[in-house]
Amino acid sequence: MSTTSPPLSLPPIGLGTFKTSTTSSIYHAVKSGYRLIDCAAAYSNQEAVGDALQQLFEDGVVTRDDIFVVSKLPNTQHVWTEGVDEGRVESSLKDTLKELKLDKLDLFLMHWPFAFEDVNLHYPSARLSDGSPNPSVSMKCEYKSTWDAMVRFRDLGLCNQIGVSNFTIEQMEDLKSHSAVTPFCNQFEYHPYCTNDSLRKYCVDSGIKVMAYSPLGSGSSSYPPISGCSLLDNSVIKRIATANSRSAAQTLINWSTASDENVVPVVKSENEGRIVENMAALGWELSRDAVENISDLNENYRFFKSYGGVNGGWHDGVLEARGE
Ligand code: NAP
């Protein structure tokens, strides 16, 4: 890998790896044209991604400079006590690079704006089955000292860019008042049930890239109350998909960029046919009416609950709707 090449710009669509367990699907995706791979230490599968990347380089499918690799700092690796454990961030980034078999990331994100004290905590025990916090877990809203540590490691050349994920406008503003370094991007939940309009506009207006996760609804079996069905089964989506001779998934992915060309959707699939189908979701245009009809499905419904304000407070994504 060349460490002197200029940083890659963000490709128009990314492959998600949450719940991915196969090396072959990643290999197939890159061979099919995906140039952005979205990873995270918390997904516990970075070695499989690293194996796929290694094979792709060896087979001459792509070079390191062709691929934009993203990973994320887990909540367990934030700075918990300032001046004592900044090394958590460094060791996490180094472990990630080792697992991915790379000497540098293109983008390193802070996965969430909150921290867990226990470095050995596993994600299922951090949340109860309804997605709310496990009261027996020691956690707090923390991102400033962790951001400072990330800035240092970017300056050491371990990643080209640094950014955040799941940050609200209030948290972005709070970070801005703390650090002169602006996040390269904010990756957050973005689909017709959770259009996150204000946050998207805030990021775009601030020159911060937007990565849209769970554009298909994350394969979740929970639904927002008004629609009462999954995004892929939604009759509005299905009607518009049929009218455009596209699949429901392609319509959802296309919507995420149609409502704002600055948005980069990150989609997960391990199925070879669906990987190709999703890649073909860009390069055509939904009508303005169709975009509006789809946007009207918004219920501010998050599949992934987050920590709300700058002082914490668990929320389910309805803060904006309530004007809180
Ligand atoms: P998603 O991409 O919205 O949906 C993935 C689900 O849809 C899987 O069950 C997949 O199954 C299925 N699927 C994929 N293509 C399909 C198609 N064409 N037709 C029907 N079903 C299809 O959900 P996600 O994984 O939650 O989000 C995408 C990525 O965003 C993640 O993988 C991760 O990289 C990132 N993410 C980040 C955060 C964060 O906190 N920053 C949170 C969540 C997700 P098959 O694999 O069987 O196709």
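Glycine residues also receive a Cβ, built from the backbone N, Cα and C atoms like all the rest.
Keep in mind that TrEMBL annotations are predicted by a computer and have not been checked by a curator.
Straight from TrEMBL, the features:
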- 26-298: domain 'NADP-dependent oxidoreductase' (DOMAIN)
- Tyr43: active site, proton donor (ACT_SITE)
- Lys72: site 'Lowers pKa of active site Tyr' (SITE)
- His111: substrate binding site (BINDING)
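With respect to their backbone Cα atoms, Lys72 (site 'Lowers pKa of active site Tyr') and the residue listed as 'substrate binding site' stand 5 Å from each other. With every protein chain in view, the residue among the recorded positions Lys72, His111 whose Cβ has the most Cβ partners within 10 Å turns out to be Lys72. All chains included, 22 other C-beta atoms sit within 10 angstroms of the C-beta of Tyr43 (active site, proton donor). Under the three-state DSSP scheme, His111 (substrate binding site) falls in the coil class.
Cα of His111 (substrate binding site) to Cα of the residue listed as 'active site, proton donor': a span of 11 Å.
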